[in-house]
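According to TrEMBL, the protein has these features:
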TRANSMEM  B:7-24  transmembrane segment
TRANSMEM  B:36-54  transmembrane segment
TRANSMEM  B:66-86  transmembrane segment
TRANSMEM  B:119-141  transmembrane segment
TRANSMEM  B:187-209  transmembrane segment
TRANSMEM  B:236-256  transmembrane segment
TRANSMEM  B:268-294  transmembrane segment
TRANSMEM  B:322-339  transmembrane segment
Amino acid sequence: MSFTTFIQHCLTGISLGGAYALIAVGYTMVYGILRLINFAHGDIFMMAGYFMIFAMVSLPWAVAIPVVIIATVILGVAIERVAYKPLRTAPRMSIMISAIGVSYLLQNLATYLFTALPKAYPTIPLLKKIFQIGDISASLVTFITPVLTIALVIGLVMMINHTKIGMAMRAVSKDFETSQLMGIKINTVISMTFIIGSALAAVGSILYFTDRMSVTPFSGTLPGLKCFVAAVLGGIGSIPGAVVGGFIIGICETALVALGYSTFSDAFTFVLLIIMLLFKPTGLFGEKIIDKV
Amino acid sequence: MKKSVKWILNVVMIALVVLLLIFLENNKSDQGMLISVLQKGAILAIVAVAMNLLNGFTGLFSLGQAGFMAIGAYTTAIFLIPVAAVDGVYYMNGINPGIKAFKEVIETAPSWLQACYPYLALIVGGVFAALFAALIGIPVLRLKSDYLAIATLGFSEIIRALLSSPQFDTITNGSYGLNKIPGFSNLLIPFIIAGVCILLMILLIHSTYGRAFKAIREDEIAAEAMGINLFKHKEMSFVISSFFTGVAGGMLAMFMRSIEAKTFSIALTYDILLIIVIGGIGSVTGSVLGAFLVTASKEWWLRFFDQPQTIFGWEVPLFRTGFRMVIFSILLMVVVLFYRRGLMGTNEFSWDGIWNFIKKPFTKKKTAKGGAAQ
Amino acid sequence: MSENVLRLENVTMQFGGVVAVNDLSLEVNKGEIVALIGPNGAGKTTAFNVITGVYAPTNGAVYFNNEQIISNHPQGNMKKLYKGENLGKFPHVMIKTPDQITHLGVARTFQNIRLFRELSVFENVLIAKHMRQSANVFSATFRLNYKEEKQMREETQEFIKILGLEQVKNDKAGSLPYGQQRHLEIARALATQPSLLLLDEPAAGMNPQETQELTAFIRRIKDEYNLTVFMIEHHMDLVMEISDRIYVLDFGQTIASGVPDEIQNNPRVIEAYLGVQQDA
């Protein structure tokens, strides 16, 4: 492999990792607060892809992007309200099944509304502009993704550490019941979590699909699972962890494809997950929890 | 209700089912849809009960069913594809010479062995699934509930990737899948196998080991303090559940006649989860009932949602391809949100239950009358 | 010296930088009722969890019937963090899981009741018999062990009768009144046929009358089943009335031990419970 191709693959990997990182943050935040694997998150991401297709039909891209983000946020919050809120006191398994149910529903709804055939993703001319540095050529999106990811995550971490709602979020993730007793409006905090998670998923979806160029009702499933793995890898509940996890998975996946093992690239993510759970179940940045007896 | 009456009712019910199946067997051509729904229902019933053994009785939220079914299905298929068809099936990459030689030996085996051969293939499929489960159970079963779900899901994806990988082309035929798998010679057979499998699992659940599983479901720490070795019992439940899932996977291969890795995607696991949720997590009869109901409505009763319909010249809106699955998923969400116990909850079917159900409206009336008289 | 059933030797339990139990040594002799008392957070339940194998001690050893069952010394990261003493005294590592400890004949109850709530009272007790049965999963599934199974059920039936749970035997354990749940938890622990019974706050949340009944109950089962009892308790009436000896724990350390009268008059114990008088 020549040096140029190597750099080319590195860029692709980092870019893919950035998109994964944005989605992984959504998983890690919801898990941190509700202790729920939001199986529907990957499908929210997929729906954001379809929203973009329809928004771009009649709107210029600069308007379409905020519209897509808002629509995705509404979808995410609505799902929380309808499918998770009524089950707050139910056993963990019920909520997880509800999440799987929502994922199933979104996939079937997308199949019904948009058919199972891949739909072409609109090109945003600016993002697709090709840059040429020496022998290496890449579209702008490849460069924007990691930068945007890092910027968004830094903003998010600042928000969590320095604002009132951020403090409420930290409190809820430490102890759900006590923070309720302290007068924190749990539902507001949870909604906020879903708003942030969905907005990031929408941004991630724009970056991811711009590279992939088509959307199907099932294109959210695997990236969704991979991003959850990324969140676990980084230590579930930790936002920087999720970002690092996202980049690791994105880069490893690209490396495997580059080396010609593309059939194993999906499976590899899970191998990574299992190795991690075996040796450091709390992830790279997770805290250790001791069970009380 | 008396025990003898219950026995008679049980015998009558089984006899009716057998008679229905014999009738269908003789009228195969007219009842194609009913037959295929019943067969698929019976196969999924095994998987559903096996999943319930894990999720409902041992409290382990595992989502690896599709993977174990895939192992069973591929094993059975590889064993059963006849020598004559092999070259046609593996037209791209050829078949592993060892497997072909084995098949040729089997062709010359005595006829009694040939008669048993499909069943042996099913069992071997189950054993392979169980072995694999035993292997992955060692790391995975030490995890807490939600990590377990994602790890088993991950393993099921790994299995799928391995099955369709070019490295195993001469065994699994890679991404081309396997076909020309011989089916069941008689409609009764899948039902008998399903009956035996489910009966075995019921016996297990009611044995002392089944009680230990339930103890783990209720409270792991207390179960451990009762001298129950958590890992050993979880592994046991996982391996047994996977064995039956593998057998059912083999049956699915025989039923469908052709399989590919795509058949065993996460969606299949979700379908089975749906069955046990609708039937009631923790109820064997619920799972069986759920399997037939879900299969029938999905493949048959709700089909009309997928076709444009006109009633009195008025075209019903929304009815087109895919609408059925939307209705279906909404139904699932309704069950999850409002009828969390599903059809049966953790109860089992019993004649007493039916009897009380029939009696209920009458007894209610009586008390109401009594109240009015006072 | 009388024969001791349980002996803790320099047990230290440290979580991260927090020392929950510090250099705890104690003995429980055959046929005794020994109480472990101390203010909240003193490390009593942690000590129980070490004995029953829920946690492996950071340092120290546990002996049961004069045989070492648990022994450990700081390992890995803990080597640097360890704040306790007696380093190097326990070179041997022997760690057991809770079920292995139960097999040896040590049964326990929990501070916050841990019954199998959705199962019947009968099943709760029957499950405790599982570990002493000999059938493997195949013979159990095919009912080849029907004789043993029948015997297990009969014993459970007998047991439930003796312990006065006959009327509620088909009720769900979670639906029982609080006092009866505590009783059932003790009954379930007894069904594992222990020689040492550990009770973690058996009278928590009970009114004086229920506490009286419980006192009588503990005495009765102790005599009937030839038990040694080691318990954590906050109800001082119960502790003083029933125990042969008492250990007092504060901040993870034993601050006093002896017969009830000694403890009642020990200034350090009073201090631990009531605090030091500033103007004295």
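Placed from the backbone N, Cα and C atoms, the Cβ positions cover glycine too.
Unlike curated entries, TrEMBL annotations are predicted automatically.
From a predicted model like this one, the values you see are computed outputs, not experimental measurements.
Sequence-distant contacts of the transmembrane segment (B:268-294) (same chain, six or more residues past either end, CB-CB distance under 8 Å): 37-38, 41-42, 44-45, 47-49, 51-52, 55-57, 63-66, 69, 153, 156, 198, 201-202, 205, 332, 335-336, 341-349. Proximity of the transmembrane segment (B:66-86) to the transmembrane segment (B:236-256) is established through 3 or more Cβ-Cβ distances under 8 Å for residue pairs spaced 6 or more apart.
Between the transmembrane segment (B:187-209) and the listed ranges B:7-24, B:36-54, B:119-141, B:322-339, the one holding the most Cβ pairs under 8 Å is B:36-54. Contact between the transmembrane segment (B:119-141) and the transmembrane segment (B:236-256) is supported by 3 or more Cβ pairs under 8 Å, counting only residues 6 or more apart in sequence.
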